[in-house]
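TrEMBL lists 1-58, 70-124, 462-547 with the feature region 'Disordered'. The compositional bias 'Basic residues' annotation in TrEMBL covers 1-45. According to TrEMBL, the feature compositional bias 'Basic and acidic residues' maps to 70-93, 463-487. The feature domain 'CP-type G' is assigned by TrEMBL to 131-311. Residues or ranges marked as compositional bias 'Acidic residues' by TrEMBL: 488-502.
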Amino acid sequence: MKRPKLKKASKRMTCHKRYKIQKKVREHHRKLRKEAKKQGRRKPRKDPGVPNSAPFKEALLREAELRKQRLEELKQQQKLDRQKEQEKKRKLETNPGVKASNLEPVNEEFGQRKAKNKAKAGKQNPKKLYCQELKKVIEASDVVLEVLDARDPLGCRCPQVEEAIVQGRQKKLVLVLNKSDLVPKENLENWLNYLKKELPTVVFRASTNLKDKGKIIKHLKLKKRAPFKNEVCVGKEGLWKLLRSFQETYGKAIRVGVIGFPNVGKSSIINSLKQERICNVGVSMGLTRCMQVVTLDKQITVIDSPSCIVSPLNSASTLALRSPASIEMVKPVEAASAILSQADARQVVLKFTVPDFKNPLEFFTLLAQRRGLHQKGGSPNVEGAAKLMWSEWTGASLGYYCHPPTSWTPSPHFNEGIMTDMKQGFNLEELEKNNAHSIHSIRGPRSARSILFQSSGLTNGIIEEKDIPEELPRQKQQEEGEDHNDLDSDQESVDEEADEESLAMVPAEETWALPEESQADESAQSYISDKMAEEEDDAYDFSTDYV
């Protein structure tokens, strides 16, 4: 009964009614338990699989495996298509007028080339397309920023690219030491003193927690608190002043190209300068596949570029650290072992909290047990541990450092005249003050908590398309299945985990044929068709038990 002056009716009831309801509920539950006890527990029926006496068992299993691969490829393709559609919608919604206003003078130059790339994307080798895009960025730039990983600056320098930039003496080359918060301060100062003798060098730490453009920040109601370590950008003011001083000396608007090897933080630096997530970034390598123009203001335009191609003639550790496809092209244990061979074993033990080890295989076994990586049957997953170690080493969280060479010697492609020309037009005194302030504001790790790594020196790269080696047939089949049309878009979305990225390279399907005798056996063919029909209905994967 609804009481007056109250919005809701009361839920109170008499004790007699409440007890009666509880009794009925107990009786209902008792009845269900009794019926279940009579029927007994029914275990899920296990599919017996293909019996050993069945004809063409291997052919059936192969067919099931191929069907599984096709399903995985279809899921990956659908996921990529959805991500591309979301990226296009996001750009149209958040930045509808940029192409018409800011990027119009720049896009007029590259419009025809971009259309040609779109037509040739499905036919050419993607590495050759990367070289084309990289050369276009170098040609269009007045200042080139070569991004170096502060953990191994010498290993991130490419002499072939630097020689192509400085040979005309019309472009300026500036080094940017990114990820400077992952090395000790003393080591960072030593590298800065070593590199600035040759080229202008900027200490930088990119911000990795930027909001997408046009998105509303949903945490306005939360209390203000100190920003996290990776939210603060260090070195932005110094880089801005350096570019501004050169623009004033140059007398007109400048274009700044950003180049470097994979996963050094090229796109993160652009996002930090723009203070929003314009370029997509992620933990995986080789995300940027085409040049992208970003307007900072009326006088400065930044051009993002694909990664430099690593020459296969480099050492195994260099290929494992700088090549995006190294973990797929070679065995993960071999790639991770090459990295581990150049690291201090004692500091690796302390960093990963594992016992002492005698060889890399023993280390991966201990790491798998430590991280809970086990295969079917309880044995440690050595390959998974190697992939984990490789991803942490190439990511932006593990702290390691290299010592600079004891004596300074200029690079072979530099001389006194080139080094003097590269420093003209920049305010080096102000840059030195800004670098000192950046180093003071960075809270780097201690040397005892970092891992000492032995650098392999300069990394040879490939800038000419003719120098790219021919690929294996299997590698060609894998890359033909990829969607190269995303070179026309800005970048691929990277909201995937490291495990999902490894599924992108699915082996090519292999065709198989039944023997002639089986084609004459009608009973065998009917058995196969019935078994395949049951497999499609139950969506059961025979390869899990028999492959």
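Using N, Cα and C of the backbone, Cβ positions are placed for all residues, glycine too.
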Per-residue pLDDT averaged over the domain 'CP-type G' (131-311), given as an integer: 82
The compositional bias 'Basic and acidic residues' (70-93), counted residue by residue under DSSP: helix, strand, coil: 24 helix, 0 strand, 0 coil
Residue counts (helix, strand, coil, in that order) that DSSP gives for the region 'Disordered' (1-58): 27 helix, 0 strand, 31 coil
